[in-house]
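The structure appears right after this line, and notes come after that.
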Amino acid sequence: MTEESEETVLYIEHRYVCSECNQLYGSLEEVLVHQNSHVPQQHFELVGVADPGVTVATEATSGTGLYQTLIQESQYQCLECGQLLLSPSQLLEHQELHLKMMAPQEAVPAEPPPKVPPLSSSTIHYECVDCKALFASQEMWLSHRQTHLRATPNKAPAPVVLGSPVVLGPPVGQARVAVEHSYRKAEEGGEGAAVPSVAAATEMVTEVELLLYKCSECSQLFQMPADFLEHQATHFPAPVPEAEEPATQQETLVPSPTEAAVSQPDPLPASDHSYELRNELRNGEAMGRDRRGRKPRRSSSGESGATQELFCSACDQIFLSPHQLQQHLRSHREGVFKCPLCSRVFPSPSSLDQHLGDHSSESHFLCVDCGLAFGTEALLLAHRRAHTPNPLHSCPCGKTFVNLTKFLYHRRTHGAGGVPLPTTPVPPEEPAISFPEPAPAETGELEAPELPVSEESSAEPAAPGTYRCLLCSREFSKALQLTRHQRFVHRLERRHKCSICGKMFKKKSHVRNHLRTHTGERPFPCPDCSKPFNSPANLARHRLTHTGERPYRCGDCGKAFTQSSTLRQHRLVHAQHFPYRCQECGVRFHRPYRLLMHRYHHTGEYPYKCRECPRSFLLRRLLEVHQLVVHAGRQPHRCPSCGAAFPSSLRLREHRCAAAAAQAPRRFECGTCGKKVGSAARLQAHEAAHAAAGPGEVLAKEPPAPRAARATRTPVAPSPTALGGTTSAAPAAPARRRGLECSECKKLFSTETSLQVHRRIHTGERPYPCPDCGKAFRQSTHLKDHRRLHTGERPFACEVCGKAFAISMRLAEHRRIHTGERPYSCPDCGKSYRSFSNLWKHRKTHQQQHQAAVRQQLAEAEAAVGLAVMETAVEALPLVEAIEIYPLAEADGVQISG
């Protein structure tokens, strides 16, 4: 197979990865040759009973009864039957023969081998090959062997001696899990101490089994891929099958003699390790096992092709594989072992120790799709291919594989008696996502936001063979990946608990990153500013501040964000969705932490308290600045643009100053009124204001209207006839965004929060009292500025003259003294001012003059009206003499006729 590469020169895609060390290769031959380096040559020496520690070479003419057997291994070996092959092509052809064996062949009962005397009739002790220490159980021996593995990780493999467990260390430079060996005690076959023959020794050596499949979740080892796949299914939630007809009472309660023999627990513990030596004879009779050492499964219906089930004699629990039954029986005999960090349960202390090593290991490579962390980049690259819609090796059942060998072994599980292949991929059911119920508005508790389902994802069908998430429109190649994505991303399942503070998380990697907050460990420094972080994800988000990249952009206003979660929260503003309401003042927020920060202003007690004085602060930065200035007597680092103080230069470099952004040159110009703004988002918001005000109004160039006129002005949509066209010929006007209108003064606002703050002007509400003097304010920022009057803090200093101010706005007004800028001009007389407050005071003089002029005009008008009445009465006297006045008969009235 030739190496396939992309059209680009810089990137070459490797299609094959080694399952042991995760190295990437471009052809199958290279990875097969490389995998041969992971299989060490193993020497099995059969030692006599009298002196098990002595090794004697075999001689053809000797009659001592000691033998030495050497197992040779070829370059290419079938992992299923152990046959040796000479080339990769022969290995592939041989594996295809296994695929064609769809129907299981009936095993021909072999002749019973000659009786082999036991190796030892006494109790077996487990001996360590390094320090010669003896142990009474496998668990104690395994725990002891872990100390040697951690001390000497690159030790060369030692010879395996029958009768004593041996641990083979990994080769130098290979990051592999050590392959452990253990042996089961041989059964007593009869009396006598005859030395086994060469044929018997050879047959015993051929019974050594290699367990090549290791579970990544619990580190258990398996020989057959079917047992490995069945075990892996226990770690993932399987779909609930339809209700089947219950078995008859006879099948459930009356087991057959064969079933009773199978359901009994083994007298010896099952081996979990890579090699297992079994004596197949018991008192001259073969045990009920096949040629590979597997127990025969019990059929629930009596037919060979039916579903096979195994029952536990202690609790009547049903299992689908002998390995599951053996693990369950071990839990009855030895109990279970629980992890103190993640509450997972393991059947043996060795698997628990290996799992605890996963908690302490570092994972530097994070998958951006599912959040899983990996120790090497090769593992991450191999994992990333599972997220692609068209993986390298895809099975019709929905599973994908990167390694061709594992894919071929998986295909055999769909043979006769296995899992049938689906004719068409079954689309996943709509996930039942549960969110916490929102609290009533009057309780003041947090209300959970409802995530809107995208109309595009529901209307647009997914590609054939893929599964699409209905909430975020992402596509997956397997239903299992979609289920995992919905569980970790959209569902609020938090099953992993921190053992220190009790906080719950969705993934174990999140717990590991969270534990570093307790230990203070920050192993991921930024290469630009050297700031350390406790997780690679936080480091990746931080590096966006240096590059200036904002990959997540809002489609409504064009504003860009560094995180997708921030964009989702921002879109709630456009949707006018504010689910979090304050019980005290009724202000609503679209983020829960903003409501939490808002509540501190009502209580007056802030979360960050100083240990040396009774003061408290809303932000940790303010507390650090306070401790630096007041208690340490040092000057903080200040931003030259806005004057904000920071405890360190690193925090100052991270600061993104809004004042500096406002002083930057404005490059975006409005096509309607010519106004220039500093960003595309502000330009779109400004153009939206034009659309809300109507096409006939100009916002920026016309002088500001009087306050009464601005308060009563409302946008009026012009009719088609007023624009000079007919209703049929005029094009459809674009949908305009209407702002939020105040019911009292008809003033328009762009956000709900601005409207809520404005309404306090009409209601007179001031929900933010000062804890020092009791003065109340309408906004929390006004209270924060006011409290500096009590503390005497003036954090905003002028860089020209050194004068300090308590409010940043006062500093901005003061800078105009040095620059001579007067941006606020009066529309009536043209006089300009440095601050808006001075302009407002000046406008009051015009209003007073205008009111005085109006009063004078009214007085003059009243005087003119009175004079005109008097003059009219004098001139009418001659006319009154000619008027006849006579009484009415029906009513007391006067009728004048001339």
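Glycine too: its Cβ is placed from the backbone N, Cα and C atoms.
Looking up the ranges 170-192, 768-790 in Swiss-Prot, the one annotated as zinc finger turns out to be 768-790.
Against the zinc finger (768-790), stretch 580-602 shows more Cβ pairs under 8 Å than any other of 16-38, 76-98, 496-518, 580-602, 608-631. On the 0 to 100 pLDDT scale, the model's mean across the zinc finger (310-332) is 75. R834 (asymmetric dimethylarginine) is surrounded by 19 other CB atoms, counting those within 10 A of its CB over all protein chains shown. Residues 597, 600, 645-647, 651, 784, 795 of the same chain lie 6+ residues outside the zinc finger (608-631) yet bring a C-beta within less than 8 angstroms of a C-beta in it.
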